[in-house]
Amino acid sequence: MAEKEAKHHVVLFPLPGQGHIGSMLKLAQLLSTAGFYITFVHTERNYRRFLLTSTSFNVPKFRFRTIPDGFPDNDPRSPLPFIELQESLDTKCKGYYREVLVAVDEEWPPVTCVVADTALPLALEVPEELGIPVMILAPHSAGSILTGYSIPQLIQGGEFPFPEDADMDELLQGVLGLEGIVRRRDMSVRGFKSIDSPFVRFEVKMNQNLSRGRALILNTTESMDSLALRHIRSICPTTYTLGPFHVLLRNIKDQSHSASLSEEDRSCIAWLDTKPNKSVVYVSFGSLAAMSREAFLEFQQGLLDSGYHFLWVIRPDMVEGGLEECELTASERRYFVKWAPQEEVLAHPAVGCFLTHSGWNSTLESIYAGVPMICWPFFADQLINSRFVSEVWKIALDMKDLCGRSYVERMVKEVMSGEKGKELRKSICEMADMVKKSAEEGGSSYTNFKELIGHIKSLSLPACSSTSGF
């Protein structure tokens, strides 16, 4: 059969968390524009949530397949504990995933390759056992990859674990390519005192898996991450930078579907419409961050004392002990929603600053919109992301671990109307222009995407007829 008539089938399997699902689903939509058959693997729990918020999802040759997550349906925890979820998927769900990969469907071709989330070893290991080519998606930042990959070197060099009384602002020397940039506080493993901690072991394994695929796919651009990419390619020579996914998808398809597992409250757009340009602080700490009631009150009072309007995403499970409904009453100055259409919010002319947890998707969306940030990172890659945007790219302020009301007030005023804020705005607008050009025809992300398509087409179809192991 001539190549132009060949049918190619890509299976994508993300870690079952909002940020990872969002990145993988945008990549899946990108790949579907090449005419590939796409199978997207969801856990049953997340797929039920997805159907409640994404009823209009309709893409040709695109299907969802589900596997259990190994937890009882009535488990009230949301999100499920990260390490427990990893272990449950690994021990209870391999057979279900294997069946997705080997199932015969007369209307669908065999699997050409799998795109596996680097944070989900199961997604990589099962297709390897079946002889199916695998590519790796690392949905976090390039800086996060290097810090995670360097953990064994930090252990060997005696820089990790950190002493009990360690100065968390001290710079580390053992981080590949980022010497003199990364502080102790920027490491995802900063809170762990033993190298045998399950999370430390997971971080090491996850980053060792990067080079096991035929290629590494990153949601970044050559211009943003040239420093880190040079070292990443020494580990993974075939690395495709396609970021930002949401921008590239818009340029290629002029349409994308939401990946949100939570219902977006669009009433906030009407509220923003009533506000002057660059007068609103948008506040969102993502889908996982939690805070004490005391921290919530300090943040809120600092925002009020700043004198600016603010729109705040408050998930029902975000504040420990919950909040009374009267505490979330909207006013002329403040507005609360459980979840927001974030890309649209950041693009709104009324928004002048983003108080963020520094998740990578949020960071990219803020850069594209040209909105400077104030960063209050919570865990994982958010820590190094905050360091990069504040110290390397100089498009944000880093709050470290502080959230006192006077500190919040000062930070907001600095970004919204201070001299530092003018510098941040200028820098992020310049970066936004670079990012947009990367995703345009002829730009690095656009060109790399076309090369990735060619790479996938070049992969031979595996023989997956044997299912005796299931």
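Sequential numbering from 1, following the chain as shown.
Using N, Cα and C of the backbone, Cβ positions are placed for all residues, glycine too.
These features come from Swiss-Prot:
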ACT_SITE  His20  active site, proton acceptor
ACT_SITE  Asp117  active site, charge relay
BINDING   His20, Ala380  anthocyanidin binding site
BINDING   Ala340, Gln342, His357, Trp360, Asn361, Ser362, Glu365, Asp381, Gln382  UDP-alpha-D-glucose binding site
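Shown on the structure are the features that Swiss-Prot records.
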{"residue": "His20", "record": "active site, proton acceptor", "Cβ contacts under 8 Å, 6 or more apart": "Pro14, Asp117, Ala119, Leu120, Pro139"}
{"residue": "Ala340", "record": "UDP-alpha-D-glucose binding site", "Cβ contacts under 8 Å, 6 or more apart": "Glu264, Asp265, Cys268, Tyr282, Ser284, Leu311, Val313"}
{"residue": "His357", "record": "UDP-alpha-D-glucose binding site", "Cβ contacts under 8 Å, 6 or more apart": "Ser284, Phe285, Gly286, Ala289, Cys375, Trp376, Pro377, Phe378, Gln382"}
{"residue": "Asn361", "record": "UDP-alpha-D-glucose binding site", "Cβ contacts under 8 Å, 6 or more apart": "Gly19, Gly22, Ser23, Pro139, Asn219"}
{"residue": "Glu365", "record": "UDP-alpha-D-glucose binding site", "Cβ contacts under 8 Å, 6 or more apart": "Pro244, His246, Gln342, Glu343, Leu346"}
{"residue": "Ala380", "record": "anthocyanidin binding site", "Cβ contacts under 8 Å, 6 or more apart": "His140, Ser144, Ser188"}
Extent of the UDP-alpha-D-glucose binding site in Å [max Cα distance among Ala340, Gln342, His357, Trp360, Asn361, Ser362, Glu365, Asp381, Gln382]: 22
Recorded positions (Asp117, Gln382), the one with most neighbouring Cβ atoms at 10 Å: Gln382
Coarse DSSP state, helix versus strand versus coil, of Ala340 (UDP-alpha-D-glucose binding site): coil
Three-class DSSP secondary structure - Ala380 (anthocyanidin binding site): coil
